[in-house]
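Pulled from TrEMBL:
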DOMAIN    62-401  domain 'Amidohydrolase-related'
BINDING   GLU143, HIS211, HIS232  Zn(2+) binding site
BINDING   ALA154, ASN235, ALA236, ARG243, HIS272, LEU328, SER329, GLY330  substrate binding site
ACT_SITE  ASP294  active site, proton donor/acceptor
Amino acid sequence: MPSNKSVSDAPIVQLTNCRILRSHQLQREDLWVREGKILNPEKLFFDEKGSADIQLDCKDSIIAPGFIDVQINGGFGVDFSLATDDFKSGIDLVSQKILSHGVTSFCPTLVTSPPSVYHQVLPQISIRNGGAHGAGILGAHLEGPFISKEKKGAHPEHCLRTFEAGAFQDLLATYGSLDCVRIVTLAPEMKRSSEVIRELTKRGICVSLGHSVANLSQAEEAVQHGATFITHLFNAMLPFHHRDPGIVGLLTSDKIPAGRRVFYGMISDGIHTNPAALRIAHRAHPKGLVLVTDAIAGMGLAPGRHTLGQQVVEIDGLNTYIAGTKTLSGSVATMDTCVRHFQEATGCSVETALEAASLHPAQLLGIEHKKGTLNYDSDADFLMLNDGLYVQATYIAGEEVWRQDALGM
C-alpha cells in the first residue's frame with residue numbers, strides 16, 4: 001500500500017472543528033493542506049492512502065480565503081506615491097502589518113503623481129508571493145493621472161494629464177513601464193481613451209473607471225472596449241441621476257457584453273458612502289461588489305497630518321481630509337473593519353461579506369483559480385475568524401503568518 005511518501009514528503013496539515021467557506025456556503029468540513037495548496041481529501045485517502053501529519057483544532061472558527069485589497073495607497077507612515085530611498089522597506093512594512101487585517105495579497109496603489117515619481121517607484125514594485133515576510137504583491141494600481149479635473153478628489157490638479165495624439169505612448173511615457181502594473185484607473189470621457197483601454201486590456205491590465213464625469217453611454221462604451229472595474233463607486237463621479245445615471249448606471253446596464261461582469265470597488269468604512277448607498281449598490285449588483293480600503297499612509301497611526309502623494313492630509317477620527325479643506329482623501333480603515341461594516345450595514349450573510357473581500361477581487365483580476373477561494377488545488381491563503389468576523393490568525397501558503405495573541409482576543 002503506497003504511503004504519503006510516494007507522492008510528496010511534505011507534511012499534510014488537517015484543520016478540524018471549523019466551518020469552511022466553500023461554494024458560497026459555510027460548510028462544516030476539515031481543511032487539508034500540503035505544500036501551500038488545498039488538498040482534495042478524497043484523492044488523498046483513495047489514491048494515496050494518505051493521512052494527516054499534523055492536526056489543528058480550530059475551536060469552531062470560520063475559515064475563509066485571505067482578503068485581497070486592490071486599492072491601498074499605503075499605511076503605517078508609508079506612502080506608495082512618494083519616491084523615497086527606502087521605498088522597498090516601506091512596502092515590506094505595509095505588507096507585513098496588513099497580515100493582521102486578514103490581507104494576504106494586495107495591489108499597492110499610486111495616486112496621481114509627476115512622471116518622475118512613477119519612473120522611480122514602479123521599478124521598485126515587484127510582483128511576489130506572500131509569506132511570513134508579508135502579504136503577496138499582485139502588481140500596482142495606478143489611479144490617475146488621466147482623470148477628470150472636475151472629479152479629481154484628493155489628486156493634485158497640476159499633475160493631471162490628458163491623452164494627446166499618441167495616446168497610449170503618452171501613457172507609457174508617463175508611467176515609464178507597465179511591467180508590474182495590474183490596474184489603471186482613468187476617466188473614460190477623455191478623448192482617445194478608447195484606444196488606451198483596448199491597449200491596456202490587450203496587455204492583461206485591468207482598466208477601472210473613476211475620477212470621472214462620464215455619462216452612462218461613455219461608461220458603457222469603455223466597458224465594450226474592455227474596462228471591467230469602477231474605482232470607489234459613488235466617490236469622485238457624477239451622482240446618480242434618473243435620466244442619466246452616469247458610471248453608477250453600469251451596475252444595471254443592459255449594454256454589458258455577454259459573459260462579462262463589471263466589478264465595482266466600495267470603501268465600506270462608514271464615511272465614504274452612506275449605509276443606504278452601500279445597500280442600494282449591493283442589492284443592484286451583489287456579484288460585482290469588491291471591498292477596498294483606499295487606505296493612506298495614516299492608517300494605523302494617530303490622528304494628525306500625514307501625506308497622500310503630493311498632498312498633505314489631516315486625519316480626524318475616521319475622517320481624512322486634504323489639509324485645510326473638507327475634501328475626503330482616502331481612508332484609514334482596515335480591510336477587516338470594512339468587511340464587518342459591510343455585513344452590518346447591508347445585513348448580508350457572513351459568506352457574502354467575506355467573498356466581497358476575497359472571491360470578487362480575485363475574479364476581477366482573473367486569479368480565482370489560485371486565490372479568493374478554498375477550492376482544491378488553490379493557494380492555501382486563508383484566515384481563521386470568530387463569529388464577529390474578527391481575524392484570529394492569517395495563513396499564507398498553508399503557513400501561519402500572524403496570530404492574535406491571547407491577550408488581544
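Residue positions begin at 1 at the first shown residue.
Cβ coordinates come from backbone N, Cα and C, glycine included.
Any TrEMBL annotation is an automated prediction that lacks curation.
Since we're looking at a predicted model, the values are computed, not measured.
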Shell list (Zn(2+); ref centroid = CB of GLU143, HIS211, HIS232; cutoff 8 A):
GLN71, VAL111, GLY144, ILE147, GLY153, HIS155, THR185, SER208, GLY210, THR231, ASN235, ALA236
Taking the residues ALA154, ASN235, ALA236, ARG243, HIS272, LEU328, SER329, GLY330 listed for substrate, what is the greatest CA to CA distance in Å, to the nearest whole number?
30
Which chain-mates of HIS272 (substrate binding site) that are at least 6 residues away have a CB under 8 A from its CB, listed by sequence?
HIS232, PHE234, ASN235, ASP294, LEU328, SER331
Since the record lists ALA154, ALA236, LEU328 as binding-site residues, which of them has the fewest other Cβ atoms within 10 Å of its Cβ?
LEU328
Does HIS211 (Zn(2+) binding site) have same-chain partners at least 6 apart in sequence with Cβ under 8 Å from its own Cβ, and which are they?
GLU143, GLY144, ILE147, SER148, LYS151, LYS152, GLY153, HIS155, THR185, ALA187, THR231, ALA236, MET237
Across all chains shown, how many C-beta atoms besides its own are within 10 angstroms of the C-beta of GLY330 (substrate binding site)?
31
